[in-house]
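Feature list (source: TrEMBL):
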ACT_SITE  Ser224  active site, charge relay system
ACT_SITE  Asp350  active site, charge relay system
ACT_SITE  His379  active site, charge relay system
DOMAIN    144-385  domain 'AB hydrolase-1'
TRANSMEM  29-54  transmembrane segment
Amino acid sequence: LQGIDVSLQNNHWLCTLDLSHYFKNQVKVGLFGSGVGLSVVLGFSAAYACYYLLSVAKKPILIAGGKKFHQFLRDKCPVVSETYYPTFWCWESRVQTLLRPFVTAKPWVNYRNELITAPDGGQISLDWFDNDDSASHPDQSTRPTVLLLPGLTGTSRESYILHMVQQSRDLGYRCVVFNNRGVSGEKLLTPRTYCAANTEDLEVVIEHVQRTIDKAPLMAAGVSMGGMMLANYLGRKGSEVRLKGVVVFSAGWDVFECTASLEKPLDRFLFNSYLTSCLQASVDRHRTVLEKKYDIDHVMKAKTIREFDERFTSIMFGYPSNDDYYRDASPIHKIKSVQVPMLCLNAADDVFSPNHAFPVEAVKQNPNVALLITCHGGHIGFLEGLWPRQSTYMDRVFHQFTSAVFENGSGLDDLH
């Protein structure tokens, strides 16, 4: 045994000596040196660059139900025709989704909070960014205004919301963020929260905003569940809607397909369990109000979003079953009834909203709706640039479409 050990030590020493000799003589150390190692690195870099340019960076697909809306977007929103270059070191869907909250900057925004009362006695929190320093729209009574709807557990402090406020500020517009009940620090006064299917609170908010600034043009932007709620509202209200336009980001179009996608093992581990715990934490914060009507202990044992909805959301909003709730919450069934210009941005690799459930055929039948699909971007990701701190592809879509609606809105009249 000792002989074998000595032999192994000698072999290890000889191998180390040979490797040292090889690297010393064959691979020059330094950025500009030559050698096999550098050749391998350069070869790999060239291969990766070719793969990225050929398979990752692509122009988005624009689908519109009418030629007029399609041409309007081409003319006024050049971003819809430009190649989207995802950040080269994190273009994969899940990586984009996970990194976006951490790598994108959070601009400081000084909100003015307003609490309004809902018909059932509950309260809704609105965060206003008045933009009184606006040079392009100094008259506050007519200053264009954007209503922003965050995602499932989001508030006015989400980075994607702050970026949209920043974009609106630069354009001279005002913003108001609709925080769903109980998520932004306010007390829950009644045993009711929110869901994608119920648009009663959104209707209250829109009516309140329009009464408050009745001479100012108003449009809306929704993200993820906020976009689903907005699309459902447009579909239900049809021609009654007085918004100038709507833009929706990363919406889930068919809730059955969305939940099925998020229940796959990897996505359940990365996203589903975390979101379920966030929903449960929100419920637990308001336990004293909610436990009067619901079995909160049972809700807190849910392991997935589907289980949470079965035990809480579908019951709260009076659905006979969770399937009935999911069917009503799916905007894909209401696209045909949308009567205002609506641009929707989705990434084909979004695990929250699988691309086989995109409402492509429904969009083609409605001249008021356009769907912009990127190959990559994940869920509310759309990171671009070497270090995507300041702006994303989603921000640019928001900036250009919002400006087009308010400054060139006549081009959207009578899209039929």
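Glycine too: its Cβ is placed from the backbone N, Cα and C atoms.
Between the CA atoms of Asp350 (active site, charge relay system) and His379 (active site, charge relay system) there is a gap of 5 Å, rounded to the nearest whole number.
Cβ neighbour count for Asp350 (active site, charge relay system): 28 (other Cβ atoms within 10 Å of its Cβ, all protein chains included). For the domain 'AB hydrolase-1' (144-385), the model's pLDDT averages out at 97. Within its own chain, His379 (active site, charge relay system) has Ser93, Gln96, Thr97, Ser224, Ser250, Ala347, Asp350, Val351, Phe352, Ser353 as residues 6 or more apart in sequence whose C-beta sits under 8 angstroms from its own.
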